[in-house]
Amino acid sequence: MQRLLAPARRVLQVKRAMQETSLTPAHLLSAAQQRFSTIPPAPLAKTDTWPKDVGILALEVYFPAQYVDQTDLEKFNNVEAGKYTVGLGQTRMGFCSVQEDINSLCLTVVQRLMERTKLPWDAVGRLEVGTETIIDKSKAVKTVLMELFQDSGNTDIEGIDTTNACYGGTASLFNAANWMESSYWDGRYALVVCGDIAVYPSGNARPTGGAGAVAMLIGPKAPLVLEQGLRGTHMENAYDFYKPNLASEYPLVDGKLSIQCYLRALDRCYAAYRKKIQNQWKQAGNNQPFTLDDVQYMIFHTPFCKMVQKSLARLMFNDFLSSSSDKQNNLYKGLEAFRGLKLEETYTNKDVDKALLKASLDMFNQKTKASLYLSTNNGNMYTSSLYGCLASLLSHHSAQELAGSRIGAFSYGSGLAASFFSFRVSKDASPGSPLEKLVSSVSDLPKRLDSRRRMSPEEFTEIMNQREQFYHKVNFSPPGDTSNLFPGTWYLERVDEMHRRKYARCPV
């Protein structure tokens, strides 16, 4: 029977026992844990070694209950057929009414995760939120989520909001892992929550919106392990996408610059990651170069799906340029003409793009395409986009197919901050294993997406107008019928004259 660590007060008792007795870690663990059905045991107290296999134990995805079809938007906006569905690679776009805001999205996804896993609320020692959807310049989303912990009496929870465009979720994940592998870890689990509402003014950018949230339970002995020492990061100052107008939800976007920044960050993060993993291999006696062949699956931050296909092709181009002439001729047919180019010379080269997309198509279909299911059908979720891709990947493969694989991940946030990192999937795919349970938990993703209501472009536009009208308005209750929300969804019930927000939950 699976077990779970005890409340915080029990942690203190065990630490005292450590000082008074010579109990081994195994004795401490069995004395301090309680039975639990879906999450594997975690070591309780810090020892002289790292907690083993820190990573993602459980994952929950939330998206709004309505969407607009991109083919309908193409007709409504009088653009050529395929501009959104082919040019951007988008099929549907989820969106929120005035009844939902970033607080309600995060309340919903955390509550769902905790209820599904049956995790006691006092078993969480860190909760961090990654978001760029700011409705208060001072009060963090994390503070609103503390309402969920009130009945448990658990207020000893570290972490706060982290913001830098779409990168905040990844920064929160890294912070959770760092906490767990530090002297400050008290033996409890961490929750990482990332969510956003991506909206744009009417025009070319509006079809690249979306909305959603992802919650991840972080702990040791995870089925998706963050590979230690393997992060390649790039940061710089850029004005590719930013939100200086605090009176509006809408960003300012330099589209061409943003694509160049994304690709440049990808190049540099991949180079840094490759250097670190090759150093690890060299220390182990392996002098082989790292390439995409060493990654079984690859997921990306997804502003729109076509960008991801270009990004995988870009990684192949990095491998091509760093390989020997013999390998270039044998493994990368069709790219020989670009052998003498430098990476920075190719960001806007359409001939290079076309050749790379063709050369990498099979690899894209094998490693990445399945990860785009949620993005294709719901749009850009900003901080939760990358982790929605992870959920999509898990939902389209069996535990047996995933077991033992490496999942590469690229996270990007405008402004800019980016990282390339990786997960190592557990080799245990047996029935009832943590990996099998994790995969099963997201297997209903396609069914849930299909259960949403299809709204017309006219209805979508009206709701966008309402969001503009009520943004930062006070003393009002949002219009709309809460029966249209998914069961168990938290929603904004009222904003009073002092901007204080009250939330309620739909019946489960």
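From the backbone N, Cα and C atoms, a Cβ is placed for every residue, glycine too.
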- Query: If Swiss-Prot says Glu80, Ala81, Asn204, Thr208, Ser258, His301, Lys310, Asn380, Ser414 bind (3S)-3-hydroxy-3-methylglutaryl-CoA, which of Cys106, Cys166 does it name for the same site?
  - Reply: Cys166
- Query: Can you tell which of Lys15, Lys142, Lys333 Swiss-Prot marks as N6-succinyllysine?
  - Reply: Lys333
- Query: Which of the listed positions, Lys275, Lys354, does Swiss-Prot note as N6-succinyllysine?
  - Reply: Lys354
- Hey, which of Lys282, Lys447 does Swiss-Prot call N6-acetyllysine? Lys447
- Item | For Lys473 (N6-acetyllysine): intrachain residues, at least 6 apart, with Cβ closer than 8 Å | Val495
- Message: Let me spell it out: for each of the recorded positions (Glu80, Glu132), count the other Cβ atoms within 10 Å of that residue's Cβ, using every protein chain shown. Which one has the most?
- Response: Glu132
- Message: Long-range neighbours only, meaning 6 or more apart in sequence with Cβ under 8 Å: which ones does Cys166 (active site, acyl-thioester intermediate) have?
- Response: Glu132, Asp196, His301, Pro303, Tyr382, Thr383, Ser385, Leu386, Ser411, Tyr412, Gly413, Ser414
- Query: Among Thr208, Asn380, Ser433, all listed as recorded positions, which has the most CB atoms within 10 Å of its CB?
  - Reply: Asn380
- Item | Cα distance (Å, whole number) from Asn380 ((3S)-3-hydroxy-3-methylglutaryl-CoA binding site) to Ser433 (phosphoserine) | 32
- Spatial neighbours, same chain, of Ser456 (phosphoserine) - Cβ under 8 Å, 6+ residues apart: Val68, Asp72
- Note on the structure: Per DSSP (helix/strand/coil reduction), His301 (active site, proton donor/acceptor) sits in coil
- Query: On the Cα atoms of Glu80, Ala81, Cys166, Asn204, Thr208, Ser258, His301, Lys310, Asn380, Ser414, which are listed as binding (3S)-3-hydroxy-3-methylglutaryl-CoA, what is the maximum pairwise distance in Å?
  - Reply: 30
